[in-house]
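Annotation comment: Swiss-Prot describes E200 as active site, proton donor. Per Swiss-Prot, Zn(2+) binding site is recorded for H12, H14, H197, D278, and the stated evidence type is sequence analysis. For H14, D16, G170, the entry in Swiss-Prot reads substrate binding site, with the evidence type sequence analysis. Feature annotation from Swiss-Prot assigns site 'Important for catalytic activity' to H221; the stated evidence is sequence analysis.
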Amino acid sequence: MNFKKLPKIELHCHLDGSLRVDTILDIAKKDNIPLPSYNEKELINYVSIMDDCNSLDEYLNKFFIPNKVMQTKENLKRIAFELLEDVAADNVKYIEVRFAPLLHVEKGLNIEEIIESVLEGIKEAEKLYDIKGNLILGCMRNMDIPSAFEVVKKGAKFIGKGVVAIDLCGGEEPHFPGKYVEVLKLAKEYGYRITIHAGEAGVGENVLEAINLLNAERIGHGIYIKNCAEAYKLVKEKNIPLEVCPTSNLHTKAFESYETHPFMDFLKDDIKITINTDNMTVSNTTITKELEMLNKFCGLSIEDYKTIYLNSVEAAFTTKEAKKRLKKFVE
């Protein structure tokens with residue numbers, strides 16, 4: 001089965017986890033940014049999981065260097081463009097890129113400039129390739145609540161211009177959703193769609209709270225609903241799509257192998273599974289690689305692929321017209 005040739009959809013891809021390593025080097029040299037190595041083969045060890053990783057927190061350390069080169073409008077635009085260029089080459093037809101604007105203010109850019117630069121890169125790629133992209137704004141859970149309000153308020157002017165949703169991301173603590181009720185209430189009033197990272201690092205109850213307290217329409221990862229019957233039942237009853245990222249889940253030690261990952265059990269039980277990369281560079285992966293691994297180790301069939309693709313179409317934060325276009329690729 002040639003997954004490379006099949007059309008694909010990416011709903012969970014972090015911009016700062018998906019930079020080309022040669023771009024990091026190029027920008028660092030241009031902007032005089034210190035790196036631990038200026039050799040591409042050595043630098044990759046600092047931005048990708050090459051051998052082993054013991055936790056989500058250790059995984060998140062790989063973002064430090066990429067964010068250093070994402071502090072100017074020019075660089076943000078370039079990096080967004082290159083991401084869409086790369087996924088278009090993998091036959092991805094639609095992508096929702098997510099990033100946290102407040103990680104890119106070190107050199108004085110404001111939130112509006114940051115969002116605008118990323119949107120410019122996305123739109124430039126759309127002109128050249130057979131791909132459409134939208135943007136999800138992330139609020140970092142290790143920042144204070146006023147920071148989250150700031151992202152929601154300042155990003156709202158871009159809703160309908162490429163920004164489609166809000167997300168909470170970063171390290172996951174038990175019962176975090178309770179802190180963000182007012183933030184997400186405001187986001188919903190502005191018209192943001194809502195996806196929340198939850199149930200990635202062992203706490204299935206967070207998925208329950210993300211849906212009940214924050215009105216999450218999709219869940220980033222969500223794999224630990226397997227340990228919370230109430231969350232599992234709610235996800236199934238409400239048809240809440242899960243943005244599953246298998247290789248990333250292995251890297252963060254959520255599971256030991258593809259074979260023990262619960263995605264196939266979820267799929268067979270009609271949970272709305274979508275398959276995504278999470279971070280193409282950090283996890284050294286593509287959507288094609290994800291599908292190939294699931295085919296090799298879990299018996300993913302062409303019928304399963306089509307189910308996942310159509311789940312992704314329905315879950316996408318895009319227009320009815322765009323969804324019709326995406327469905328035609330597999331009809």
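Residue positions begin at 1 at the first shown residue.
Backbone N, Cα and C define each Cβ position, glycine as well.
A map of Swiss-Prot features onto the structure.
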{"residue": "H12", "record": "Zn(2+) binding site", "contacts (Cβ under 8 Å, 6+ apart)": "E96, R98, G220, H221, E243, C245, T274, N276, T277, D278"}
{"residue": "H14", "record": "Zn(2+) binding site", "contacts (Cβ under 8 Å, 6+ apart)": "F63, V97, R98, F99, G138, C169, D278, N279"}
{"residue": "D16", "record": "substrate binding site", "contacts (Cβ under 8 Å, 6+ apart)": "F63, P66, N67, M70, F99, A100, L103"}
{"residue": "G170", "record": "substrate binding site", "contacts (Cβ under 8 Å, 6+ apart)": "L60, A100, M140, R141, N142, H197"}
{"residue": "E200", "record": "active site, proton donor", "contacts (Cβ under 8 Å, 6+ apart)": "L56, E172, G220, H221, G222, I223, Y224, N249, T252, A254"}
Worksheet item: What does DSSP say about E200 (active site, proton donor): helix, strand or coil?
Response: coil
Worksheet item: Widest Cα span across the substrate binders H14, D16, G170, in Å?
Response: 12
Worksheet item: Residues near the Zn(2+) site, H12, H14, H197, D278 excluded, by Cβ within 8 Å of the Cβ center?
Response: C13, G17, R98, C169, G220, H221, E243, C245, S248, N276, N279
Worksheet entry | Cβ-centroid neighbours of substrate site H14, D16, G170, 8 Å, sequence order | L15, G17, L60, F63, R98, F99, A100, L103, G138, M140, C169, N279
